[in-house]
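Lifted from Swiss-Prot, the feature list:
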- G10, A11, G12, K13, G14, T15, R127, T136, Y137, K199: ATP binding site (BINDING)
- T31, R36, E57, L58, V59, G85, F86, P87, R88, Q92, R160, R171: AMP binding site (BINDING)
- C130, C133, C150, D153: Zn(2+) binding site (BINDING)
- 30-59: region 'NMP' (REGION)
- 126-163: region 'LID' (REGION)
Amino acid sequence: MNIILMGLPGAGKGTQASEIVKKFPIPHISTGDMFRKAIKEETELGKEAKSYMDRGELVPDEVTVGIVKERISEDDAKKGFLLDGFPRTIEQAEALNNIMSELDRNIDAVINIEVPEEELMNRLTGRRICESCGTTYHLVFNPPKVEGICDIDGGKLYQREDDNPETVANRLSVNIKQSKPILDFYDQKGVLKNIDGSKDISDVTKDVIDILDHL
């Protein structure tokens, strides 16, 4: 079972990824984890990726794609994987398609967690962090007992700069633009499964598991 998990920031991908790997014996493979593993193990591609990152440059697609191929070819991923954070561009989607053909495997489902933009704005702009202990709160989902004050140590709560409405709106806009051609690509292949991510977490999980159970 080879799955790609997609969704905009704030859609709850991390939560659903945890639930999927609890139910199915496949590794959750995120782009960040892949890079860290390749760099730590000092593979040729890992060294190459590190040299770009050390210079503050974007890692080129051919290096990223190579690292993905290495990772999904490992023993623990031979019976399937949950890919999160890749592909990010249509070129990467096409490259992944080629890799899967070379490995004589298929992408079985692309799970896309859909949440209305307004709801994502509420989720992402509501985060508050204690400036002394780092505890995270949410104004709607996990508010402090006293507004603006940490329950644990009485520290002042602040909003991260990248959680302000303007920054969040820009981030969502960029992500929507980037993800549309990828979603269209997988829709044409008949593997795109859209999930309503605005439901309760347990209901979203049930919908995801139902789809995967029927693959």
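Backbone N, Cα and C define each Cβ position, glycine as well.
Sorting each residue of the region 'LID' (126-163) by its DSSP state yields 3 helix, 13 strand, 22 coil. Within the chain, the region 'LID' (126-163) has long-range Cβ neighbours (under 8 A, six or more residues past its boundaries) at 171. C130 (Zn(2+) binding site) is surrounded by 20 other CB atoms, counting those within 10 A of its CB over all protein chains shown. For the region 'NMP' (30-59), same-chain residues at least 6 beyond its ends with a Cβ under 8 Å from one of its own Cβ atoms are 17, 66-68, 70-71, 84-86, 88. Once Cβ contacts within 10 Å are tallied over all protein chains shown, the binding-site residues V59, C133, C150 are led by C150.
In this structure the C-alpha atoms belonging to R127 (ATP binding site) and D153 (Zn(2+) binding site) are separated by 18 Å. Largest Cα to Cα distance within the recorded ATP binders G10, A11, G12, K13, G14, T15, R127, T136, Y137, K199: about 23 Å as a whole number. Rounded to a whole number, the C-alpha distance linking C130 (Zn(2+) binding site) with Y137 (ATP binding site) is 8 angstrom. Neighbour counts of Cβ atoms within 10 Å were taken for the binding-site residues R88, R127, R160; the minimum is at R160.
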